[in-house]
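Structure, as structure tokens:
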Amino acid sequence: MTATLERRESISLWERFCSWITSTENRLYIGWFGVLMIPTLLTATTCYIIAFIAAPPVDIDGIREPVAGSLLYGNNIISGAVIPSSNAIGVHFYPVWEAASVDEWLYNGGPYQLIVLHFLLGVASYMGREWELSYRLGMRPWIFVAFSAPVAAASAVFLVYPIGQGSFSDGMPLGISGTFNFMLVFQAEHNILMHPFHMAGVAGVFGGSLFSAMHGSLVTSSLIRETSEVESTNYGYKFGQEEETYNIVAAHGYFGRLIFQYASFNNSRALHFFLAAWPVVRIWLTALGVTTMAFNLNGFNFNQSVVDSQGRVINTWADIINRADLGMEVMHERNAHNFPLDLAAGEVLPVAVSAPAVHA
């Protein structure tokens, strides 16, 4: 009798690590994008929490007038924020080793850059991880495509806009009231409400909410009952079942009669593609709009008032918007400049043609 001994091939530590990283059997999929995502998001989150609680005031305008944003310096959850990097830094890369000391780094708002850049790397890696997991499971890649919309929006306000404006101090502060301040100043300087891409984004967000509510309520209202009247309808559903869980024909008939026939989808794939594409495409457009306004290609501007035959101004809604924009522009960075750019850049008007003669 001949005995055959098979020699087991030893698997290296690196191969075992690669197998574990790319395994779809893990409770949470890691993936190669996850190797980048985990440290960057942990770094951004840790720095954000510490800065929101305890960061010292930041000289955001670069004029030696620090602005406090942390809880320990008198703010609350609503007013608190991580203040953007100083205007004195501009768009220079400002890691902690570029400063003379940690105190200087904190004074110039270094944590803002650290948080924002790690956050953007992290969410981009999360997006890549969605594609990677879909690929390994044999799924189509549309989940990652949909998530690209919020990634594009975040990149626009945190990275592209500061680069276009020439300073990270123009980026969105990392806090509730700071976000609102950013929105008001953005409107004042770029008239974003009159930009067609922003209008598309508003329609995408509100329309997406409406369509999501309509779809969820229609599906929930047309579930196929597999249980008795005394049991919950939900008990009739088995996870992974092949049978339809709701009656799309009934939902289509209901909605077609509620609005009109062609307002309703009778194809489930077309319906779900529309539900995904409507907000995603429009948020892409909004991010593109912010990108164009970063380089001062602004919303529609109606600076010329409507006048009658005698030259008197006939006030329109555009005049009200312009006046509100000027007011907001005057209010922000009040100590950095005395007049908004729209006024300061105008033609100089003589106050007096000649000085009066003074007789002693």
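Going from the start of the chain as shown, residues are counted 1 onward.
Note: Cβ is positioned from N, Cα and C throughout, glycine not excepted.
Feature list (source: Swiss-Prot):
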TRANSMEM  29-46  transmembrane segment
TRANSMEM  118-133  transmembrane segment
BINDING   His118  chlorophyll a ChlzD1 binding site
BINDING   Tyr126  pheophytin a binding site
TRANSMEM  142-156  transmembrane segment
SITE      Tyr161  site 'Tyrosine radical intermediate'
SITE      His190  site 'Stabilizes free radical intermediate'
TRANSMEM  197-218  transmembrane segment
BINDING   His215, His272  Fe cation binding site
TRANSMEM  274-288  transmembrane segment
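Features per Swiss-Prot, on structure.
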residue : record                                      : contacts (Cβ under 8 Å, 6+ apart)
His118  : chlorophyll a ChlzD1 binding site           : Thr40, Leu41, Thr43, Ala44, Cys47
Tyr126  : pheophytin a binding site                   : Phe33, Met37, Leu41, Phe147
Tyr161  : site 'Tyrosine radical intermediate'        : Asp170, Gly171, Met172, Val290, Thr291, Met293, Ala294
His190  : site 'Stabilizes free radical intermediate' : Met293, Asn296, Asn298, Gly299
His215  : Fe cation binding site                      : Leu271, Leu275
His272  : Fe cation binding site                      : none
Query = What stretch of 29-46, 142-156, 197-218 shows the most Cβ pairs under 8 Å to the transmembrane segment (274-288)?
reply = 197-218
Task = Using a Cβ cut-off of under 8 Å, list the residues of the same chain at least 6 residues beyond the transmembrane segment (197-218) that approach it.
result = 251, 254-255, 271, 274-275, 278-283, 285-286, 288-289, 292, 299
Request  = Based on DSSP, name the secondary structure state of His272 (Fe cation binding site): helix, strand or coil.
outcome  = helix
